Amino acid sequence: MSTKELYIGVMSGTSMDGVDCALVEFDQEQVRLIAHSDYPMPADLRQKLLSVCTGQATNLKQIGELDHRLGHLFADAVMDLLSQAGVDTSQIRAIGNHGQTVFHQPNGEFPFTTQLGDANIIATRTNIDTVADFRRKDMALGGQGAPLVPAFHQSVFALQDSTTVVLNIGGIANISVLHPTRPVLGYDTGPGNMLMDAWCETHTQQNYDKDARFALQGEVNEALLNTLLQEPYLHQDAPKSTGRELFNMEWLTAKLQGQNYRSEDVQRTLCEYTALTISKEVERFRYGPTPQLLVCGGGARNPLLMQRLQQQLSHWQVSTTDAKGVSGDYMEAMAFAWLAYRHLHRLPSNLPEVTGASRLASLGVLYSKA
């Protein structure tokens with residue numbers, strides 16, 4: 001009897017540059033990416049989401065409408081993937097949908113996290129059971145609700161005699177530390193592409209700095225870099241997580257303190273800032289003769305950022321997850337397909353040593369197609 005099952009993972013990250021979908025085959029714990037797609041996010045929807053995420057005035061009506069629109073967007077993305085792959089909905093066991101994070105507050109008196117994208121709409125429109133709301137049970141157990149992907153990394157990248165660190169550079173950068181003799185660790189190191197993208201969009205009207213062309217026109221401003229490195233989040237102990245609530249244009253504007261920096265120098269400095277905050281954390285976990293850093297996410301396509309990581313981590317073998325046979329562009333979408341698989345099989349999917357939760361738990365809520 002075949003144990004193979006098909007799941008779809010849907011991910012819209014902090015960069016909000018589109019919806020990543022991954023069609024994934026599971027044969028027990030063996031994982032194989034069958035097909036993938038990028039589905040564009042309408043510009044007006046992205047702008048409305050960005051305004052909510054950066055703390056601009058909103059109301060329940062707007063939040064409800066965004067939740068509805070995103071539900072339809074995610075359903076459209078799933079149907080587009082199935083059409084491209086020539087796969088019928090009846091063949092899919094479930095969808096794992098992350099949703100669009102608009103606020104994440106894991107600390108304080110009332111911790112909470114909010115992801116939009118009505119899973120009822122996804123399930124009924126696609127006629128596929130949908131698992132969503134993955135983060136809040138971990139938070140109910142005292143955890144950060146993030147990061148969740150290290151558990152998937154642990155299942156995919158076998159431990160060897162040296163440390164393997166999986167680095168995802170999305171809007172935020174996060175690491176999964178797979179040590180040969182110690183429990184898995186994982187946390188957000190700080191900004192990934194978020195500040196670079198925001199500054200680039202403000203000054204060049206491009207969503208991101210393609211091939212680091214803008215940054216390469218500038219030079220690192222050491223005074224500004226030192227100011228950025230004073231950010232208290234960087235000095236907190238793990239478990240910890242962050243997002244657009246902290247690292248946004250308001251934060252950056254405050255750090256610039258009205259100084260008249262050249263825009264290209266700021267871009268170059270932000271790239272250096274991202275590289276330094278990542279490499280400082282990665283270097284803490286060097287162990288064994290051949291420690292390796294596997295990079296995934298959009299930042300892996302930034303040649304300047306990758307060059308600086310290689311230079312700052314000279315004792316590490318730096319490559320992408322693609323070199324290990326796992327798509328770096330669809331890693332997170334694959335992870336949420338895996339989380340849906342774990343939910344339906346009633347298997348734990350958080351790592352308390354990563355998130356700070358009090359115990360293991362099967363994450364997510366099932367939204368039935370029926």
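Any Cβ shown, glycine's included, is placed from N, Cα and C.
Listed in Swiss-Prot:
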BINDING   Gly13, Thr14, Ser15, Met16, Asp17, Gly18, Val19, Asp20  ATP binding site
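Known features from Swiss-Prot, placed on the structure.
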{"residue": "Gly13", "record": "ATP binding site", "Cβ contacts under 8 Å, 6 or more apart": "Asp20, Gly170, Gly171, Glu332"}
{"residue": "Thr14", "record": "ATP binding site", "Cβ contacts under 8 Å, 6 or more apart": "Thr101, Gly170, Gly171, Ile172, Met194, Gly243, Arg244"}
{"residue": "Ser15", "record": "ATP binding site", "Cβ contacts under 8 Å, 6 or more apart": "Gly170, Gly171, Asn193, Met194, Asp197, Tyr208, Gly298"}
{"residue": "Met16", "record": "ATP binding site", "Cβ contacts under 8 Å, 6 or more apart": "Met41, Arg46, Leu49, Leu50, Gln100, Gly171"}
{"residue": "Asp17", "record": "ATP binding site", "Cβ contacts under 8 Å, 6 or more apart": "Met41, Arg46, Asn207, Tyr208, Gly298"}
{"residue": "Gly18", "record": "ATP binding site", "Cβ contacts under 8 Å, 6 or more apart": "Ser12, Asp38, Tyr39, Pro40, Met41"}
{"residue": "Val19", "record": "ATP binding site", "Cβ contacts under 8 Å, 6 or more apart": "Val10, Met11, Ser12, Asp38, Tyr39, Pro40, Met41, Leu73, Phe74, Ala77"}
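Look at Gly18 (ATP binding site): DSSP puts it in coil.
Other residues of the same chain near the ATP site, with their Cβ within 8 Å of the Cβ centroid of Gly13, Thr14, Ser15, Met16, Asp17, Gly18, Val19, Asp20, are Met11, Ser12, Met41, Gly170, Gly171. If you draw a 10 Å sphere around the CB of Asp20 (ATP binding site), it holds 25 other CB atoms from the protein chains shown.
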